[in-house]
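Annotated features in TrEMBL:
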| type | residues | note |
| --- | --- | --- |
| TRANSMEM | B:6-31 | transmembrane segment |
| TRANSMEM | B:43-60 | transmembrane segment |
| TRANSMEM | B:66-85 | transmembrane segment |
| TRANSMEM | B:97-115 | transmembrane segment |
| TRANSMEM | B:143-162 | transmembrane segment |
| TRANSMEM | B:191-217 | transmembrane segment |
| TRANSMEM | B:223-256 | transmembrane segment |
| TRANSMEM | B:277-297 | transmembrane segment |
Amino acid sequence: MNRRALLGTAAAATFSGAMPGLVRAQAPGIKVGFVATLSGAGAALGTQLRDGWLLAVKHLDGKLGGLPAETLVIDDELKPDVAVTKVRAALERDKVNVVAGLVYSNILQAVFRPVTESGTFLISANAGPSTFAGRGCNPLFFTTSYQNDQVHATMGQVAQDEGYKRVFVMVPNYQAGKDAAAGFKSRFKGEVVDEIYVPLTQLDFSTELAKIAAAKPDAIFTFMPGALGVNLVRQYRQAGLASTPFLSSFTVDESTLPAQGEAALGFYTAANWAPDFPNEVSRRFVRDFEAAYGYVPGTYAAQAYDAAMLVDDGVKQAGGRLADKAALRAAMEKPGFTSVRGNFRMGANHYPVQDFYLCKVAKRPDGKLATETVRKVLSEDTDPYAAECRMR
Amino acid sequence: MSLNLLLVQLLNGAQLGILLFLVAAGLTLVFGVMDFINLAHGVQYMLGAYVAATLGTLLGSFWLGLLLALPVSLLIGLLLEWVVFRHLYRRDHLAQVLATFGVILTVEDAVRAIWGSSPLAVPQPEGFAGGIEIMPGLTYPSFRLAIIAAGLLVALGLWLLVDRTRAGMLVRAGATNAPMVSALGVDIHKLFTLVFGIGAMLAGFAGALAGPVFAVAPGMGDGVLILAFVVIVIGGIGSIRGAFVAAILVGLIDTLGRAMLPDLLRLVMDASSARQTGAALASMLVYIVMAAILFLSPAGLFPVRRG
């Protein structure tokens with residue numbers, strides 16, 4: 001481990017208040033390599049992902065499927081080459097049974113072949129690229145999140161349902177930004193007044209905000225992850241544009257709300273889960289998560305929690321025989337656990353078939369900001385690539 | 001584009017320019033006077049923002065945080081100078097770049113260790129909540145007007161300091177011929193430390209002012225630093241006046257490019273490719289202009305004469 005990684009781990013440890021590292025257990029157990037971005041710009045998401053997984057293992061008394069579980073936390077540093085090296089070591093030296101986690105699609109793409117070709121199960125708790133949903137689907141690969149397009153398409157459906165005629169679209173100028181705009185337009189049939197592509201390093205949005213004000217749209221749709229979203233939300237509010245509905249994906253969520261503060265109140269986002277879900281599993285998850293880690297969990301944490309539950313349930317159904325991959329796979333294709341999302345099942349391409357919701361930023365009675373469900377938008381939605389998948 | 005919108009965009013450009021000037025002023029002083037390339041200037045900007053946000057939250061007032069961030073930035077700057085930079089003045093530029101780049105990595109990871117990786121919550125400036133409606137449906141936040149005023153005041157203050165005071169005269173003399181000034185009995189090292197301290201404080205001030213508008217996050221100084229270098233290269237290294245003119249120029253070019261290029265390109269290509277090429281071109285425009293200016297005037301717009 002180099003110095004940067006060491007510092008990063010130390011940073012993560014100081015912040016979560018808990019040093020997970022290795023959770024040692026008695027052999028024979030189940031070993032999981034949990035890959036998350038814990039240093040660098042994406043560390044807030046990786047921390048959510050890791051904490052969600054660890055809480056699930058805690059809820060399961062340190063076991064997965066009845067076997068003592070050991071979680072090796074791997075920091076991918078948001079560098080594909082680093083991720084591959086560390087994951088190979090986990091596969092060959094530590095002989096992990098499952099690789100899980102994965103915040104970013106480019107990291108998933110890098111470790112995909114090394115993991116699946118070694119015959120190891122790969123469970124994504126967040127990254128959901130189209131690459132592995134269609135023709136590239138794989139019997140050893142599962143995801144508990146979503147296919148990216150679905151989230152953007154949900155917002156497109158919202159704009160359609162609300163009867164908006166003219167929507168202004170603004171996204172960063174890179175592949176994920178273009179996918180977001182395309183996903184939105186796949187369900188929104190009205191007029192897109194203008195589309196602005198901003199550089200990923202954009203600081204000041206006043207130029208774009210002036211254009212929005214001049215165009216007077218019925219709503220705007222945007223996808224501005226991380227610090228970009230913090231800039232935009234603050235400046236959008238300060239520019240007095242908040243009366244124009246702010247429809248977004250991955251822009252206002254539990255990872256950015258602490259910095260956006262009240263500027264984000266009333267802004268909309270699309271998600272497969274929100275911390276105010278009324279079902280008992282979700283309430284217990286949110287309560288215990290906040291008690292253990294001191295912040296509000298977002299979808300990242302919830303999906304990682306479900307990923308652990310998926311593995312737990314799969315191993316249980318397979319009778320604890322980790323070597324019986326066919327049984328394990330069949331079990332995970334028909335998961336029997338209750339998801340924090342309530343309605344949840346695996347599609348033929350191992351991507352979830354689930355509901356998507358319109359959510360809004362609101363202040364909870366305890367003063368913390370969180371997203372709240374407004375209404376269900378898509379029911380039992382299957383991603384658009386699933387039909388192309390021929391699972392061997 | 002209507003005339004009104006054009007005026008608004010000009011204002012936006014000028015404002016971005018003034019923010020860039022606040023960062024570039026300190027950089028150009030240090031680079032010009034001490035011939036020292038300080039890549040860690042962006043880190044000092046970031047630290048100013050973090051210190052102001054933290055103290056502001058602690059004390060419940062943005063302005064108190066801003067005020068206290070100034071001496072803290074100065075101290076951080078002097079500490080960095082004493083520990084690292086002082087040993088680099090006699091080395092070549094490559095050694096300076098390597099060492100100050102090392103400072104960036106170290107400080108950014110330290111910031112992550114202390115404050116975490118997520119953007120920080122920043123108290124909003126009291127008394128500057130509202131704004132002025134400059135076109136239908138668009139408010140110009142009054143805090144941004146305060147940033148413009150602060151930038152103009154800093155420009156004026158620096159000009160007075162460098163052009164009208166004895167210390168400023170020594171600084172200019174030191175920039176032209178350091179050994180000669182030293183031979184005349186002036187403690188050149190103390191002078192350099194002073195210049196460096198002012199530069200650090202300006203960077204911290206800019207960061208603290210940027211806090212309520214931009215995300216306070218690790219790495220926030222990197223993008224600004226690159227643009228600040230563009231500004232001082234265009235303006236002429238070491239020239240405060242050059243930095244001011246170049247900063248406004250860069251702000252205007254960047255803003256107007258983003259505002260108009262996609263629409264202009266639509267005249268010659270279809271809408272969707274015009275949008276994407278326009279966006280890509282707009283983000284390159286500043287660098288293209290820099291290359292053109294360097295081609296015509298290699299020492300920048302306001303070259304500083306050296307002995």
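From the backbone N, Cα and C atoms, a Cβ is placed for every residue, glycine too.
Keep in mind that TrEMBL annotations are predicted by a computer and have not been checked by a curator.
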| With pairs 6 or more apart in sequence, are the transmembrane segment (B:223-256) and the transmembrane segment (B:191-217) linked by at least 3 Cβ pairs under 8 Å? | no
| field | Remote residues contacting the transmembrane segment (B:191-217) - C-beta distance under 8 A, at least 6 residues beyond either end | value | 19, 22-23, 25-27, 29-30, 33-34, 38, 41-42, 44-53, 56, 62, 65-66, 69-70, 72-74, 76-78, 80-81, 85, 89, 117-120, 122-125, 141, 143-144, 147, 150, 154, 167, 170-171, 174, 181
| note | Residues outside the transmembrane segment (B:43-60) whose C-beta sits under 8 Å from one of its C-beta atoms, at least 6 past its ends, are 23, 26, 66, 68-69, 72-73, 76-77, 80, 103-104, 107-108, 111, 115, 120-123, 200, 203-208, 210-211, 216, 218-221, 224-225
| message | Within the same chain, where does the transmembrane segment (B:277-297) have neighbours whose Cβ lies under 8 angstroms from its own Cβ atoms, ignoring anything closer than 6 residues to its ends? I mean 6 or more beyond. | response | 227, 230, 233-234, 249-250, 253-254, 257-258, 261-266, 269, 303
